[in-house]
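The following features are taken from TrEMBL:
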BINDING   139, 223, 258  ATP binding site
DOMAIN    559-828  domain 'Pyruvate carboxyltransferase'
BINDING   640, 902  substrate binding site
MOD_RES   737  N6-carboxylysine
MOD_RES   1138  N6-biotinyllysine
């Protein structure tokens, strides 16, 4: 009994053979055309053979064939030369029993010598006879044939030319413009358009060189160049019996550098009589040449509808796909069968039976960057997701995830062909198909193709051959977002290198999803918070304006609260690191729970630059998103008077512009202050807010102790006079800003009571920090004395350096006439969220465990307390925190006992750290002031860049510190010229494109360096604000899945799969699953690449050795070897945690040696440079 027959590919082929003894076909080509031919050969039940160069050994075409063989040994041929190695290829074909060879297009498809060698080896060549290839492939011979047949041609040289002199002779007769063409090639190579004598010689020599390189033959010929023609070609099929048919025409006018980009079949808007003439001439030429197999007759059509023969391409064309789509005829199958001896009638291919249906359009998707003049891009394809669907055909060769795009070959990635019943249907379909593509890792021309296909000229079907070159508007490209892959780049970096967020120590202690609280109305019904509340104090402000709002606040019988949780609380406790995503989660619930709040403090101050600098998110986006989520409660921001949200003075127009934009995008109340209580600085902010239409809450910054008669500088009289000055400016609300928590209950009673007595109608808003632990008592005292609003923070974000507890204050006032209108159960509900959230940000905790009554001595602001502690750790001074607090007291005395709030507090903090770093006390600073390299902030303070402190600058210390630097004795920004905001906008758009918004101009004006660094981060990683905080700060576990909502209705499901080993380039591959699809990103392992540098220390006994006064990064090296310097001249600028220090030369002399470069990280005492003393 015989065994049952097994079914396999081989048995299927044997059972359906149609090619007789011609069973094995080799394609002498690569990429998409090789795969295209293999597919038809398989349909004809043939076995297929691929060949490949060593560089192509991983290319897809070798896997699509039944057999594949390398051409020669590694290094024997160049990458291109391998596919031109005729003898080696024929030897491989004979050795493996190949019966037919298809050359594809390019390489040896038009090489008559190769065709002869194939036939001589007893192998069937799929293409015209060698003699015909020679005749048609040589464009000069083809021209003569056309002229003999009476087919019109463009005037040109009668034959090939070899010398520049011959070219000049032709031009003397016919003039410019002319086109130089390779006699033996196509594809745009070896072509040059010349319009003037000065470029003729260079163009001629380059065309010859390119032709020789591409086709092995440097012969060229010249033609008169026809301006703005259409390029129409006809697909021909012919057999050995002389039968010739056309498969209609194609419009190949859309070209770049003479290479086709988009092709259309049939040609749109082509006159029918002209079409018939072109088709008839094409057949006439084929018959005259005794043409056999597939070929293409190409013509130019000028503006007068005259056509000129260009050439016959004796091979299959890249764009044959659109002809197949409109006729239903497999051109490759016809080629193979004709080569095997079949006649056209036997294949059913008679002209009467060939019909066209609809339109087809083909686009060539290439790995070229349109923004860099179509420079080919190389590298690894990280993501490849193609299109599909009805009427979409893809012919690809190297389009798949993980494919390596090398510089050795043509940049074609995939051909996209779409067909439809009309031209417009086909056009819309191919636009849709291109939109569906996702290709990451290499640049492609898809954005350019999308722009081209939607341009009016293309939509009308009226393109010409130089349309792309003549239409710069095409390069207003469609921008691709590439959001997912860029985000994976960031996540991969966190996986390999850990978080890059400054100030982070360890990972979040909270690893679960944060549960959102449920709140209930007075009747006990659950509130639906999917839509935010609409009732609140903002309604009065929006409907009646700032004056009526202030009046309503003053008339309120209880004590209103402002919640600082969204700004100052997390600035004071968590280094301002809370992200927008976590504020937005609780925002709708907050709109109900704190409906009666005076305001939510959510913006300005340090949040502005920290958002960009450390959190990689946009502060304006934060404002706009929060405003949308909480439409009913007023927002308050911190405005540093003439400093806006920065640390220095800016031109007046920058402040006005900033305030107008802040108001427009959602800000309501502007707490305007000056770090020195310098009213001239505050006037600018007050006027800017007034013109913007915001609520003016001018704040007096509190320092000292008005209840202590021994503290005479900042006494009650001082604050009353300051208040009167502000009231005279027309403010709406007075703020008392106790930034250090120095306002004791008795002092609060005295200060608020005295102001209330003098200004009975003025709303008073009191802000404090709970550093000493007396915050709740002080706020209750302030409320009892007449304050209308006090600042608090939600319980789990309150206390110590933050604001007093909201729950404690609300409970204490709940059943009194000073009730807040906030329910305790709502406070507790919100607090449950922030309890979890604080654990999520535990890695930024400053490790402040308890209250510090020492604040009454050092007077350090609450927000600065934790930040300065963190800075001290970064500078290696963490163990000397007690010394820094003591030095802070002395630094304040050196500055003249000033008000301390950003940026003046930064001056005192920088000076304190400088003193501890350099082991200096107050007396030593005074003694050595003329020779010390003080931090930049200190020097600028004494120059007057922050304004004028109450009581003036201490002398002679001021003069000793600033030396020859200029002094400013009035408002610092008064003399600054206006900033050209229009020019700034144009500069930003030139650099970043049209995505620049008006608000970005303000960011760049106030923080130019920070803004540019932020934009570079966005360019690299995209919008990181949408990543859940846990994964923004720490890596997921292997196999852990999490979601990222990149926009409404679009969610990425991400899973970390594995981390690869370190490769030779110092990178690790990180493997993710994104929406179920494998993705990989390569990440540099910075730890593996670290070089440990041992730096030379400055020799303290050598007065010319310049040492780093503190640890930091070199921002700028100014010293140059051989330069002569004077004592005090800057030799470099160091930066450490926002603190810049200009390091000056200690002596007069010549720079002998510079030991640092920009970007170097230095420890204290490291040698910067050595100066030979004069």
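Keep in mind that glycine also has a Cβ here, set from the backbone N, Cα and C atoms.
Sequence features annotated in TrEMBL and their locations in the structure.
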{"residue": "139", "record": "ATP binding site", "Cβ contacts under 8 Å, 6 or more apart": "181, 182, 183, 184, 221, 310, 311"}
{"residue": "223", "record": "ATP binding site", "Cβ contacts under 8 Å, 6 or more apart": "154, 155, 156, 157, 178, 179, 181"}
{"residue": "640", "record": "substrate binding site", "Cβ contacts under 8 Å, 6 or more apart": "605, 646, 647, 673, 674, 675, 685, 902, 903"}
{"residue": "737", "record": "N6-carboxylysine", "Cβ contacts under 8 Å, 6 or more apart": "671, 673, 699, 700, 701, 702, 767, 901"}
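Just so you know, of the binding-site residues 258, 902, the Cβ with the fewest other Cβ atoms around it within 10 Å is the one at 258.
What surrounds the ATP site, by Cβ distance within 8 Å of the Cβ centroid and not counting 139, 223, 258, is the set 179, 180, 181, 182, 191, 221, 310, 311 from the same chain.
Put simply, the two farthest-apart Cα atoms among 139, 223, 258, the recorded binders of ATP, are 16 Å from each other.
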